[in-house]
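Asks: According to TrEMBL:
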BINDING   L15, G16, C17, G18, V19, V20, G21, S22  NADP(+) binding site
BINDING   K109  NADPH binding site
ACT_SITE  K209  active site, proton donor
DOMAIN    357-438  domain 'ACT'
Amino acid sequence: MPETSSPAPVRVALLGCGVVGSQVALGIVTNPIDLAARVGAPVELVGIAVRSVDQELDARIPRALLTTDPVELAGRADIVVEVMGGIEPARTAILRALRSGAAVVTANKALLAQHGPELFEAADAAGVDLSYEAAVAGAIPIIRPIRESLAGDHVRRILGIVNGTTNFVLDKMASEGLELEQAVKEAQALGFAEADPTADVEGYDAAAKAAILASLAFHTRVSLKDVAREGISGVTAADVEWAKKTGYVIKLLAVAEVLGKVDDGEISVRVHPALVPDTHPLASVRGAFNAVFVEADAAGDLMFYGQGAGGRPTSSAVLGDVVSAARRRLTGGKGLRESKDQRFPVLPPEAAITRYQVRLAVADRPGVLAQVAGVLADHGVSIDTVRQASSHTEDESGAATLIITTHAAREASLATTVDAVAALESVRKIISVLRVEGA
Ligand SMILES: NC(=O)C1=CN([C@@H]2O[C@H](COP(=O)(O)OP(=O)(O)OC[C@H]3O[C@@H](n4cnc5c(N)ncnc54)[C@H](O)[C@@H]3O)[C@@H](O)[C@H]2O)C=CC1
Ligand SMILES: N[C@@H](CC=O)C(=O)O
Ligand code: NA
């Protein structure tokens, strides 16, 4: 019988062995036969970069692979998996890997949203893959569907719950009446939160993911600084309670949409807490789960749902990218190029079109509602619904509460209108202003 030579192993370097990295390592070391069968060659873990070689490690992960030099390790592998987080040394290590001809798999949305162009150019120049399925919505396959499956369609709008921590926190506030800080601590203990949870709470993590999704969906480079961002630290227990009473739930949403012609318009990309009707599919997304709702011209509405955070779920997306990159390594061919030919202008935040629900405390006397409605009309903002709660509310004693929901208008005119309403003598206080999406 002729002797067939077995293919050389595909060498994988793992940069980071924390919540995600440890699960990736376990996926490789505990599953070698399956991985080899899927790839067509053995997959060999050649090193693991960590901050300290004394860090806790699952006994199945060989300690001998540990190093504290991620940049050096990045130069001696066929595939480099970056799950350290942060900007440096992740950026330098990835550039080193790409320039040495290695494919890179990363979960680092913060890095991609800030330094994407430099990294994609290095990947294009080397003709290798730079894959990042885990960077948006953890385990949910969303990068590949938008980048590849929908590449022949026009995406009009993306509405996503893309941060597990804040969804978990808002859910805990609504269902168990927990305070925000207490719920954040639980999310940290469960491994959902970023190293600094401010990135989750203040919407930076979701904004980075929104930039990545918008870039792919609209074939335009969108970076973190293009995304209007507001986190959930201003959301109160009373907001959550009123949302429920008025038929909504509060979600931190990432919104990316084309305004105007689908192939020649302008795009708006933003992250903010929003009231979502309790009948909308996104309203039923609980805990740390994520969901991305995509509206495309030909495909219509699509929804992608699953675990958006956590070590094991996220490792599924990382390992999927590793298998794809390893297969390409074996079969040959260049990595996928970045698609950035459309160049839609990105609108400033004030040009976004949205709806507001304004909750305000007003003097409890006749004629006040008409006054407030008059100000809205003067500013060309039309009212969808008004609700008046009984006097002596919890928000302001001796006052009545008005809850006004507007029709869609430019963000700038809605903001000016709220200022004009606040200036009325009969208005004691604007208690909260929340945007309404998905209605
Ligand atoms: N935890 C999650 O649910 C998800 C995390 N991600 C992303 O995955 C990446 C990693 O996140 P986690 O695993 O949660 O972080 P982690 O903090 O649990 O782990 C980080 C690992 O990288 C190592 N590391 C950090 N800086 C290093 C340096 N300078 N040199 C050598 N090693 C270094 C640490 O020793 C640790 O092993 C981040 O980019 C994060 O945004 C993405 C999706 C979900
Ligand atoms: N901190 C992030 C982790 C996944 O990207 C989140 O909470 O979603
Ligand atoms: Na994903």
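A Cβ is built for glycine as well, from the same backbone N, Cα and C atoms used for every other residue.
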Asks: Write down the Cα-Cα distance for L15 (NADP(+) binding site) and the residue listed as 'NADPH binding site', rounded and given in Å.
Replies: 15
Asks: Helix, strand, coil residue numbers for the domain 'ACT' (357-438) per DSSP?
Replies: 23 helix, 34 strand, 25 coil
Asks: Neighbours of the NADP(+) site L15, G16, C17, G18, V19, V20, G21, S22: Cβ within 8 Å of the Cβ centroid, same chain, sequence order.
Replies: L14, Q23, V24, A25, V50, V83, M84, G311
Asks: I'd like to know which of the recorded positions listed (G18, V19, V20, G21, S22, K209) lie near ligand 2, counting only a CB under 6 Å away.
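Replies: Listed by sequence, the hits amount to none.
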Asks: I need the CA-to-CA distance for the residue listed as 'active site, proton donor' versus V19 (NADP(+) binding site), whole Å please.
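Replies: The residue listed as 'active site, proton donor' and V19 (NADP(+) binding site) have their Cα atoms 19 Å apart.
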Asks: Let me know the model's mean pLDDT on the domain 'ACT' (357-438).
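Replies: Computed over the domain 'ACT' (357-438), the mean pLDDT is 91 on the 0 to 100 scale.
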Asks: Within a 10 Å radius around the Cβ, which one of these binding-site residues has the most neighbouring Cβ atoms: G16, G18?
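Replies: Highest number of other Cβ atoms within 10 Å: G16.
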Asks: Using CB under 6 Å from any atom of ligand 1, narrow the recorded positions G18, S22, K209 to the ones that qualify.
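Replies: Going through G18, S22, K209 in sequence order, those close to ligand 1 turn out to be G18.
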Asks: Which residues of the same chain, at least 6 positions away in sequence, have a Cβ lying under 8 Å from the Cβ of V19 (NADP(+) binding site)?
Replies: G191, G310, G311, T314
Asks: Give me the non-local Cβ neighbours of V20 (NADP(+) binding site): same chain, 6+ apart in sequence, Cβ-Cβ under 8 Å, ordered along the sequence.
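Replies: Expected: V83, A107, A134, G311, T314, S315, V318.
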Asks: Within the chain of C17 (NADP(+) binding site), which residues six or more apart in sequence place their C-beta under 8 angstroms from its C-beta?
Replies: A25, I48, A49, V50, Q55, L57, I61, L66, V83
Asks: Long-range same-chain neighbours of G21 (NADP(+) binding site), Cβ under 8 Å, sequence gap at least 6?
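Replies: G21 (NADP(+) binding site) has long-range Cβ partners L14, L15, I48, V81, V83, M84.
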Asks: Looking only at Cβ atoms, how many others are within 10 Å of the one on K209 (active site, proton donor)?
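Replies: Its Cβ has 28 other Cβ atoms within 10 Å.
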Asks: Once the DSSP letters are reduced so that anything not helix or strand counts as coil, what is V20 (NADP(+) binding site)?
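Replies: Assignment for V20 (NADP(+) binding site) reads helix.
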